[in-house]
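K.L.:
First, the structure itself, so that you have it in front of you.
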Ligand SMILES: Nc1ncnc2c1ncn2[C@@H]1O[C@H](COP(=O)(O)OP(=O)(O)OP(=O)(O)O)[C@@H](O)[C@H]1O
Ligand SMILES: [Mg+2]
């Protein structure tokens, strides 16, 4: 089933052992050569979705709120799964009609994590884990892009950054990868330490500490969030590098860590910092960093310079070719929904509704304020997961709007509006996204610049859909 004749990354018998389960196959061939061929079969990667599983992968049936992955075992094998994990309690339903090799385990998630950790430990390359309140995905992509200038790199795909995503990422490691850049996210205390224990990084990167996930359990303050991120530093061995976006909170939280902290940022205290920064507006930024040719980054906004500095810090540490690194950064383009620049009906849209928290919203508002245009509109939707501080933080963000009108939508729109009104700005509050879409359509014309910013869950893309279709 696999594309090559090379041995699979994880042969079936090892798979069971590594996952801490029992391999169950309908029959093992008796003839010695057939038996040998059978035992050479194995899995290459893993998937939790039977609809998108690729031939040769391990199917991991998770029990979710709405459905139980075990219902899709048959479909997974039909699409080419080489084996599947199976909860012992779910197994009786399949006894006697197993659709393929099953590994019976007590707890599918724990088995997935254990398997991924063993697989990662059998791999020899450099694993760098990336965490932080915002900019993880962008930074992860930039770091992977610069490392790719030397050798093949595995990086987290999409947002596979939690207790399922991280192990799935690790299971995609192959012998040819010389480095891996793995995103670790958190929504509650203790998660970074747990994910780091699975990933076993030899290097870490913390982009920044902001107030994302303030509503998460045990994360009531920025200092608590800083301590949580700092757990990545404590997961490293003494002397292993931890790249850190410069800032006082992280400095305090990392006080006792024994890893080697390398700071990047705009302050004098940062070891990797830019000089001669030129804001090129729609064309990104140009800046210089010691040891590299002048850098032209086409990602927009000052916060992206910060993300590029992270990649430069890594590049310097592992001694990549400076010319190649500069070229890789110049070739970087935004990820969909993260400060993409589009034009619609002659107006410029700054599409940044992939995610939002107070810090990333301020960064986006700063970009909007500096954008050339006759009329600027900040369309701000809900920032989610801010717990009891949500109202105050929405007011704060409203007050941070500069040189633009504020159009607010979502449950906290009145708070955002209150903040902006106090700052004397023109403000509109919309009852829903449909009403906003109607007003926006009328406002789109050459000279208008619109920022669209909200948390992913607010689905602000719904505002554009009717306009684009019309
Ligand atoms: N260094 C930064 N400082 C502040 N905001 C940033 C920074 N980098 C990116 N952002 C903003 O944060 C948002 C999310 O960016 P990105 O997807 O890279 O972050 P993330 O940390 O991976 O998010 P998630 O928590 O969804 O995984 C974007 O809106 C982007 O404009
Ligand atoms: Mg991300």
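Glycine too: its Cβ is placed from the backbone N, Cα and C atoms.
What TrEMBL says about a protein is an automatic prediction, not a curated fact.
Since this is a predicted model, take the numbers as computed values, not measurements.
Sequence annotations record features per position, and here TrEMBL assigns domain 'Mur ligase N-terminal catalytic' to 44-119. Per TrEMBL, the feature domain 'Mur ligase central' maps to 130-315. For 132, 133, 134, 135, 136, 137, 138, the entry in TrEMBL reads ATP binding site. For 337-456, the entry in TrEMBL reads domain 'Mur ligase C-terminal'.
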K.L.:
So if I measure Cβ to Cβ from residue 132 (ATP binding site) and keep only same-chain residues at least 6 apart in sequence, which ones fall under 8 Å?
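P.N.:
139, 205, 206, 207, 208, 209, 229, 245 - these are the non-local Cβ neighbours of residue 132 (ATP binding site), listed in sequence order.
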K.L.:
Please spell out the DSSP helix, strand and coil residue counts for the domain 'Mur ligase N-terminal catalytic' (44-119).
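P.N.:
Within the domain 'Mur ligase N-terminal catalytic' (44-119) the tally stands at 26 helix, 15 strand, 35 coil.
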K.L.:
Relative to ligand 2, which of the binding-site residues 134, 137, 138 have a Cβ found under 6 Å from one of its atoms?
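P.N.:
So the answer is 137.
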K.L.:
So what's the average pLDDT for the domain 'Mur ligase central' (130-315)?
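P.N.:
Mean pLDDT across the domain 'Mur ligase central' (130-315) comes out at 92.
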K.L.:
Other than 132, 133, 134, 135, 136, 137, 138, which residues of the same chain sit close to ATP? List them in sequence order, counting a residue when its Cβ is within 8 Å of the Cβ centroid of the site.
P.N.:
130, 139, 207, 208, 307, 360
K.L.:
Excluding near sequence neighbours, so keeping only residues 6 or more apart in the same chain, what lies with its CB under 8 A of residue 135 (ATP binding site)?
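P.N.:
Long-range Cβ contacts: 207, 208, 303, 306, 307, 360.
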K.L.:
Summarise the domain 'Mur ligase C-terminal' (337-456) by DSSP state, stating how many residues are helix, strand and coil.
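P.N.:
Residue counts in helix, strand and coil order: 47 helix, 32 strand, 41 coil.
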K.L.:
Between 137, 138, which of the binding-site residues has its C-beta surrounded by the fewest other C-beta atoms within 10 Å?
P.N.:
137
